[in-house]
Structures are given as structure tokens and as C-alpha cells.
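Asker: Per TrEMBL, the feature transmembrane segment maps to A:28-48, A:79-97, A:109-130, A:136-161, A:173-195, A:215-234, A:266-288, A:303-323, A:330-351.
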Amino acid sequence: MAVVEAFVGAATVEPGRGLYRVHTRRKLMILTAMAIALCVSFAVDLAWGPARYGLDQVLLALFDPGAVSDQVRTVVWDIRMPVAVMAIVVGAALSLAGAQMQTILANPLASPFTLGISAAASFGAGLAIVTSVPLLPVAASLIVPANAFIAALGATLFIYLISQARGVSVQTIVLLGIALVFTFNALLAFLQFLASEQALSAVVFWTMGSLSKATWPKIGVTLAVLLIALPLFARNAWALTAIRLGDDKAASFGVNVRRIRLETMLMVSLLTSVPVSFVGTIGFVGLVGPHIARMILGEDQRFFLPGSVLAGALLLSLTSIVSKSIIPGVVFPIGIITALVGVPFFFSLIITTMRKSW
Amino acid sequence: MVGLQLDEVGAAYGRKTIISGVCVPKIAAGEVVAVIGPNAAGKSTLFKRIAGLVKGPGTVQVTGSDKGRNAIGYMPQDSSANAVLSVYESLLLARKQKSSWSVADADLIYIDRVLGALNITDLSFRDLGALSGGQRQLVSMAQALVREPDILLMDEPTSALDLHRQVEVLDFVTTQARQRGMIVMIALHDLNQALRFADRVVLIDHGVMRAFGTPSEVITASMLRQIYRVEARIEKCSRNFDHVIVDATAA
């Protein structure tokens, strides 16, 4: 405090800290509300389907499985639960990946979808489905996700390496991403042209993105990546926020910008490639989730980080419900629904929110 | 008490050498040093080299400080940022690096005091992206100050400020230097400000230090002709301060 008192005119100054505490409490309340909304959405996702159950039955099936019929227990636990959990985990992972991509590339358009990473994964999966050529020596049943993973990882690292070159602007990275999207789409189209009818329909279904491929092992792997990434990002929360003030400024705060970027991009490449390799192309969550969090919570990573995770998880969980509601008995591929639901929602937020979102 | 000395300091971006062989004898606590020179002379690179943001030959010796890398606070020339953060959050960010998520009252009190001292309390909860150029400079200065540096490097801190704010800011940092025993190095284009506020002046041109001394030793008519290519006089005003009066560009 002795140094504080050294400031000229210090004794007469009071103000901001009370208001800062109020703002902080408000952000914590928003995060709590988002978490509650996610729990409700999860329960509705379990209740919703060809056989509709009340929330009381779902809660009973969750917390006292012996008290409900075998049919309810089987539908809730064995059929709907993996899909509902996968929606949350994949939404959280993609949104977190998008948030950190936007942070370290200083680019509001950065996301797995817009930078061509999803397109790369689609190409990898297409290569496996059409030609059975493995990019990794794995069991035959894992060739599709493994190829998608390697292709997505390669695309992410390629973007990272280019972004590190001196003189590369934000616009260059966006253009590079667009170029990657076109390149991998063209390569995929080439594979589709060569594919048999059966392989073609498998490729098309894969590229639409679907949670119906969810299994507990896939959930476990995706969740593990998420649980490794979150503490790392949390530890670097101040540094990541500082990077948004510019590299020079962050470095002047003592941030090792290069190391943080490398760590983050490696983690982002895993967060992106793992879920995409399991569920296919799910667009917009990685773009819209972080923007929603940014608009309502700002970019202090202590709030932006959990906010992005919750926004992405909530977005995909709600989308999962919608995908089952359009035509009773039919589950639409979730990749189609994320665009149909997410984008208008995003537009309405941009138009109704006065606060600058980037 | 803190001290700063530069021995044969250089810096390069890739293969391109920007500054070389800069030697500044020991600058003592409480001193304000103006760094002057034409555009692209290497002033910003010299600051980045001192702050440890670029590497190069030579030694930057900081003595009498126990703050390690935090001894030096750096205010970059370009302070534009489009992050969705309030001014208050950005100051907290500057102060809290490498510490826990929780925020102590002492940190907030300090931030309040710095904002008050720079007369920008009214900007506290304004978004960074909504600030004018001058306001951004003041906030950038506050970000450097909340880190409580022993050595403060300010790269053209007054270039976007009105006359009142320029004088206010330079008065403030010189007072801070005297009261806290802080070394302040300021890159300035306004040579009259250097004459008025600096204790010593470093002249940089084409990446090389051309002169070091008191303002009246360094800022001379011959230097202005040779380095800045202007015909000028240094004359005393009625209060006996030196002033640069430019007559014309030199042939």
C-alpha cells in the first residue's frame, strides 16, 4: 500500500472496485444460469424421442433406475444417454476450440469449420470410406476416425505454422482457411466421383455430421481431451486474455506469447480433430458458441472459457432436441440442424446486442 | 535504488539489423530520459530490446531491483486493441499476470488509484474498442503503471494527446520518477517537450546512437541540421527555457 499512496492525488480517488465486483457477480450468475439451462436441456434431450417421457420419469431413471420399467431404463440409459452426452461433450470441445482459435489467431472468423479443419477431416474420412487407405496403422474399424483425425490435425498445424510466419496478417489466415475448405472439398468431390454407390452414401452421411455414431468409448476419449485442455487453458487464463491486447502488450506483461500460442494450438488441434473424427462435420458450433459467450461475458478468459464451453454444449444439446422434433421418428443429421438453428440465433444476437462483439 | 545501463546493445529482425552498438552510461533512479530521432531511426526497437521483447547482442544491465523481468514496464507505440474487455479489466489483466484467478481488494484499490491519478476514472468500464486514440494511450500508460515497474519505457506516449493532456501526462511521469525513484525513458518527436521534461537525451539515427547528454548538449542547431535536415535555432524564452524554433527545411 505504501507504493499506492505514492500516486499523486491518490487520497481523493475511490470508485471502480465496487462496480467491478458487481460486474463479476453478474457474470457468475450468467454462468450459473447457463449451467442450469444445460442441465434442463440434457434432461429434455433424454425425455424427447419417438417414446416421450415426463421429466419426472427421466429423473427417476437417472437417479433411481430400479424404480422405472426396463423399457424406460433401456431407452434413457442405452439409447438416448450416449447421444445426449456426446452432444454436450462435442459441443463443449468444438466451442472451446473455436474460442481459443479466435483468441490466439486474433480472428473472429476462426473456427474448425471456417478454417478448413472440418473439411480436412471430411476428406480424411472420405479417403478411408472410399479407398480404405489408412493414414495411421490402426484396426480396420478405426480407419475412418483415424484418417479424419490425422487430416484435421495436419490442417490445424498447417494453419498454425503459416500464422507464425512474419508478416502474415489476419486476412491472410482467413484466406488460407477458405483455400483449405475449397481444396479439401474438391479432393472429397474427386473421391465421391470415384466412389461406389454404397461408399458415396456413407461419405455423404458422414459429412453431414451425426451424433448417432456416439458410443461410450468415443465419449470417453473426447471427454479426456476436454479435461486435459481445460486446466491448461485455465492456468493460462490471464496470458490468453493478454494476447487479445496484442503480442507486444502481452509480452510486456511477461507473457511468453510464442509458448502460449504453441501450447494452445496443439490443444486446439486435438479438441477439433477428435470430436470431428467421431461425429463428422458439425459446423457453426465452434464459431457461434464463442461469439455468444463473448457477447454476454466479454473476453476475460476466467469467464469466457467456461462461457464458451457452456454455450457450445448448450447449443448442441438444444440442436439434438430439435433434430428429433422436426419429423417424429426421424433423427436429422445434427450438422444440418446446427446451421439451421445456430445461425439465425446468432444473427438475432448480433442485431439485438448493442455491445461490440469483436 | 534502481539503475539502467546499456552496453553495445543491438537488435535485429531476422537478418536485418535495426540497431547496433548502443551504449548508454548508467541512468540513475528518478531520471527522465528522452529518446529522440527521426522516423524509423530504431527508437521503438531499442525499447523492445531493453524490455526483452527482441533479442540481440550487448547487455541491458538493470541494477538495484528485485523484481526480475517485472522491473521493466513497457508502453508500446501501438495500443489499439479490439478485445471485448473494459478498461478496468485490462488494467487488472496487466497487474495479475502469473497469479491466481482471485482478485484481492488491494489490486482493485491500486487500479482505482492509477485511474484517478491519470484522470481517466470515467473510462473505467468503457470497452477498449470504444476509446479514442488519446484515451487508448492513457489506458496503455495505466496498464504499464499498474505493474509498478522500476523502469518505465514509453514509446511516443503523447502522440495522440491534446496539448493539455500532453503536459499533464509528462508532468505526471516526471513527478512519478522523482517521487518513486523510477527511471522513465520516453520516445518523443516533440523536441521542445524533450528540452522541458527530460534530464538526459539519447539521440538515435539509422540504428546507431549519435549522442547522449543533457537536453541542451544534444539538441543543437547543428544536430537539427545534420539529423533532422531542418534549419533551426535554439533560443531562450522569457522564463529562460530552451526552445527549438524551426525556420526551414535544410537543403
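Every residue gets a Cβ built from N, Cα and C, even glycine.
Source: prediction; values computed, not measured.
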Asker: I'd like to know if the transmembrane segment (A:173-195) touches the transmembrane segment (A:79-97) in this structure, counting it as a touch only when three or more C-beta pairs sit under 8 Å and are separated by 6 or more positions.
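Answerer: No; fewer than 3 Cβ pairs under 8 Å.
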Asker: Short question: which residues 6 or more past the ends of the transmembrane segment (A:28-48) have a Cβ under 8 Å from it?
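Answerer: Counting only partners 6 or more residues beyond its ends, the transmembrane segment (A:28-48) has Cβ contacts under 8 Å with 54-55, 57-59, 61-62, 76, 80-81, 83-84, 87-88, 296-297, 303, 306-307, 310-311, 313-314, 317-318, 320-321, 324-325.
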Asker: Under a Cβ pair cut-off of under 8 Å, which of the recorded stretches A:109-130, A:173-195, A:303-323 contacts the transmembrane segment (A:266-288) most often?
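Answerer: Ranked by Cβ pairs under 8 Å, first place goes to A:109-130.
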Asker: How about long-range neighbours of the transmembrane segment (A:215-234): same chain, 6 or more residues beyond its ends, C-beta under 8 Å?
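Answerer: Sequence-distant neighbours of the transmembrane segment (A:215-234): 82, 85-86, 89-90, 92-93, 96, 100, 145, 240, 263-264, 267, 270-271, 274-275, 278-279, 301, 305, 309.
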